[in-house]
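Per Swiss-Prot, the features are as follows:
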- 1-46: transit peptide (TRANSIT)
- Gln139, Ser469, Gly470, Tyr471, Arg501, Lys532, Tyr540, Pro541, Arg542: CoA binding site (BINDING)
- 221-229, 359-364, Asp446, Arg461, Lys557: ATP binding site (BINDING)
- Thr364, Arg472: substrate binding site (BINDING)
- Ser513: phosphoserine (MOD_RES)
Amino acid sequence: MHWLRKVQGLCTLWGTQMSSRTLYINSRQLVSLQWGHQEVPAKFNFASDVLDHWADMEKAGKRLPSPALWWVNGKGKELMWNFRELSENSQQAANILSGACGLQRGDRVAVMLPRVPEWWLVILGCIRAGLIFMPGTIQMKSTDILYRLQMSKAKAIVAGDEVIQEVDTVASECPSLRIKLLVSEKSCDGWLNFKKLLNEASTTHHCVETGSQEASAIYFTSGTSGLPKMAEHSYSSLGLKAKMDAGWTGLQASDIMWTISDTGWILNILGSLLESWTLGACTFVHLLPKFDPLVILKTLSSYPIKSMMGAPIVYRMLLQQDLSSYKFPHLQNCLAGGESLLPETLENWRAQTGLDIREFYGQTETGLTCMVSKTMKIKPGYMGTAASCYDVQVIDDKGNVLPPGTEGDIGIRVKPIRPIGIFSGYVENPDKTAANIRGDFWLLGDRGIKDEDGYFQFMGRADDIINSSGYRIGPSEVENALMKHPAVVETAVISSPDPVRGEVVKAFVILASQFLSHDPEQLTKELQQHVKSVTAPYKYPRKIEFVLNLPKTVTGKIQRTKLRDKEWKMSGKARAQ
């Protein structure tokens, strides 16, 4: 069996010595994880080696058949599958993809579905069949879809009613696209119906023995700078990395976890598939067609959800409601990542619910990189320490590790040996992949500070840093200060050209409704004074522009690049790099 083969490689980890941890991958094999090394099997497949393990435990009566997936649509319809049912259903999905669709190992499959159970089946089906899945949000328009299908040379797309027209508008311009698979109650010309095929498919599928380093997924980066790139992950960088990080959330096998994320974002697979099912826990999913804080609060009150994971904006939106009307009897773990968690969000959530929010940090390319685990002290404004498989450091422009308390670029050590968890590279873009290496480190493109305890503070995207009169100013510092003022609902801070200082801080501000009638000039002065009062005065925004919305990626991240490029273009000047 491939699990008994000699280990193919070692992944060196750097840092303080920690005791050995042993985690079950399945009943046939133990993987010993130590701070000094990791044993990496030659073959690994999350579906057969993790999911089917829990299914076998259920069949053998060694595990209660509790839900693995619990889905609700908010209108009274619910669905529950235990691990045996999930295993069989995903084998049906694999048979559809490799049988009815005729897809071959290594083919690329775009997946654009809302939060429906079929999303999880299709992803698992791809994993079983050795196909490369490429999740995308249903918010994409035809131009976004065309770019992704052409760039990836996808052989198939699995989509729902929400994007049929958008896909059909551009499908003829995608010569590689052969299969269109529709997840819907209705049929559509040119599309195979997934639900119909699922009813006819066999529940037995021979899982492909995939290599640990074999390509498993492609995620298009969010494009906060430039066009989205194709970040390729392997079976080990997703599945095995999840085994190594398992438990940081505090999740137990008997628990229920709700990850509030768009299905096109990597957070969705990390939280709602890899983390929960690695531990044998239940993934809770709400269809949630649109973000509605009242629906989220009602759901938390009505279902035995123990852990909730989402972006900080989820908590900020919930805090705008009257939380005194809701009780969360089961909720214990609140996790936030994807953007900076403002200290006041943490404080307000704790004050109103009695619960802490534990922050985590990562990227499409690296997965979970830093986190505040269940046993760690929470430091407001800090995103935790390095994940167990990574040596994360703050480095200078030559790749030297900087001492604690010094701002620099955040990097993960990838030499002399590349750690598990790092993506394989940008597809067909080796120059861009190589450009992100500085010395022995992979650059995350973020600025930060590491303190004496190993906690990291996020200072901003490296290309977002503002250099004004010799002062280097991180936009998140100014944004955090502005968000403490009741007039500010959302803000984005960029550099703006200045004839004397080179560049100055400019803030784009979305106002709360009750402040829309205020005098703009007076409110500008008030906000500037406010920033001076809560942070170093040199950071205050010398320019403020009130706007109704901010440019964002399809995953909801503010695109400071667009604001900055427009600002500098209007001035007719080029920004110094």
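Glycine is treated like the rest: Cβ placed from N, Cα and C.
Classification of Gly362 (ATP binding site) by DSSP places it within a strand. Taking the Cα of Gln139 (CoA binding site) as the reference point, the closest of the recorded positions Glu359, Gly362, Asp446, Arg472, Ser513 is Gly362.
Among the recorded positions listed (Glu359, Gly362, Asp446, Arg472, Ser513), Arg472 has its Cα nearest to the Cα of Tyr540 (CoA binding site).
For the binding-site residues Arg472, Arg501, Arg542, counting C-beta atoms within 10 A of each C-beta gives the highest total at Arg501. Of the listed recorded positions, namely Gln139, Thr221, Thr364, Ser513, the sparsest Cβ surroundings within 10 Å are found at Ser513. Following the DSSP three-state reduction, the secondary structure of Asp446 (ATP binding site) is strand. Ser513 (phosphoserine) carries a helical DSSP state (H, G or I).
Across the fold, the C-alpha of Thr364 (substrate binding site) and the C-alpha of Arg542 (CoA binding site) stand 34 Å from each other.
Rounded to a whole number, the C-alpha distance linking Glu359 (ATP binding site) with Arg472 (substrate binding site) is 25 angstrom.
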